[in-house]
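Here the structure is laid out as structure tokens; the discussion comes afterwards.
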Amino acid sequence: MATNIGMMDSAYFVGRSEILAWINSSLHLNLSKVEEACSGAVHCQLMDAVHPGMVPMHKVNYDAKNEYEMIQNYKVLQDVFNKLKITKHIEVSKLVKGRPLDNLEFMQWMKRYCDSVNGGGLHSYNALERREASKGGKEVSKKSAPSQPSTKSSTAAPKTQTTHNTRRNDVSNSNQPVKASRPSSSGGPAYDEQITELKLSVDSLEKERDFYFAKLRDIEILCQCPEIENLPVVEAIQRILYATDDSASVVAEAQAMISQHQRESELLSPIPELPEEGQKADNPKRKHIINVDVDAAASTTLSPRQRISDASDVHCSGSPLVTY
């Protein structure tokens with residue numbers, strides 16, 4: 001069972017064309033893009049084809065256009081997963097938006113799962129009859145039906161032309177063996193292998209392109225948030241995102257924007273007043289030095305008479321330390 005498949009599994013390297021051919025041949029549809037299956041109805045019918053009778057097709061809505069209608073289809077699909085004990089997580093919020101990469105990855109997983117169950121045998125499944133029970137299933141079947149008569153008319157047209165242009169056909173038949181012999185002599189299977197390799201490389205490049213485009217889109221949405229859209233870093237990122245050329249000057253301009261903002265912020269920052277604190281710390285020292293010098297000068301300049309007068313003043317003032 002393919003309930004748990006790693007991102008480097010071979011299932012995720014299947015191209016879009018192969019996925020679309022598998023869906024259209026299994027369910028008799030005419031999908032031209034993988035994201036057209038974003039409503040979830042195709043996924044439900046694929047599970048119904050693998051597990052007959054497990055999916056209530058009367059709850060499936062093929063005419064779902066709004067997100068709330070698509071979510072109902074994915075709820076039906078999730079119920080089927082729960083019954084079958086499938087642990088695959090369905091990212092409904094991404095699938096309903098119709099992103100090509102998300103829908104391609106989930107459809108690649110669906111193909112791998114369907115191939116792992118009963119060898120992917122869906123030949124006995126009547127897709128048209130089962131789809132009639134769902135809402136909008138008949139209209140989808142009618143849209144896919146005109147593709148079959150068109151092939152018949154295209155095959156009938158050359159027959160009518162051969163009856164009217166017999167002479168031209170006689171001349172062209174003489175040249176047909178020469179044209180048919182050329183591919184065989186030049187190696188037809190080698191060309192087929194090259195074509196398949198080119199298709200696989202194109203599909204992988206498209207997948208990688210969609211992946212990185214989705215990442216850039218997420219970054220753009222994040223930069224548009226009102227909380228951070230005015231930051232200089234965000235402005236520099238937007239400058240790179242919205243650049244129309246691939247020159248290296250764009251990155252240099254973005255770096256210059258950031259450095260200029262840093263310089264402006266440094267110029268506008270307040271300057272700390274350190275000298276005043278130094279002056280406050282020096283003032284007590286100066287006061288202490290001045291007091292010591294004054295006392296020393298006073299003691300040296302006083303005369304003996306002044307000292308005696310000072311002592312007499314103390315004696316007269318009635319000091320308790322003097323005895324009569």
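Even glycines carry a Cβ here, placed using N, Cα and C.
These numbers come from a predicted model, not from an experiment.
Annotation comment: TrEMBL describes 131-142 as compositional bias 'Basic and acidic residues'. The helix, strand and coil residue counts that DSSP assigns across the compositional bias 'Basic and acidic residues' (131-142) are 7 helix, 1 strand, 4 coil.
Feature annotation from TrEMBL assigns compositional bias 'Polar residues' to 144-164 (among others).
The compositional bias 'Polar residues' annotation in TrEMBL covers 171-187 (among others).
According to TrEMBL, the feature domain 'Calponin-homology (CH)' maps to 13-115.
Per TrEMBL, domain 'EB1 C-terminal' is recorded for 180-250.
Annotated region 'Disordered' per TrEMBL: 131-191, in sequence order.
Across the domain 'EB1 C-terminal' (180-250), DSSP helix (H, G, I), strand (E, B) and coil residues number 55 helix, 0 strand, 16 coil.
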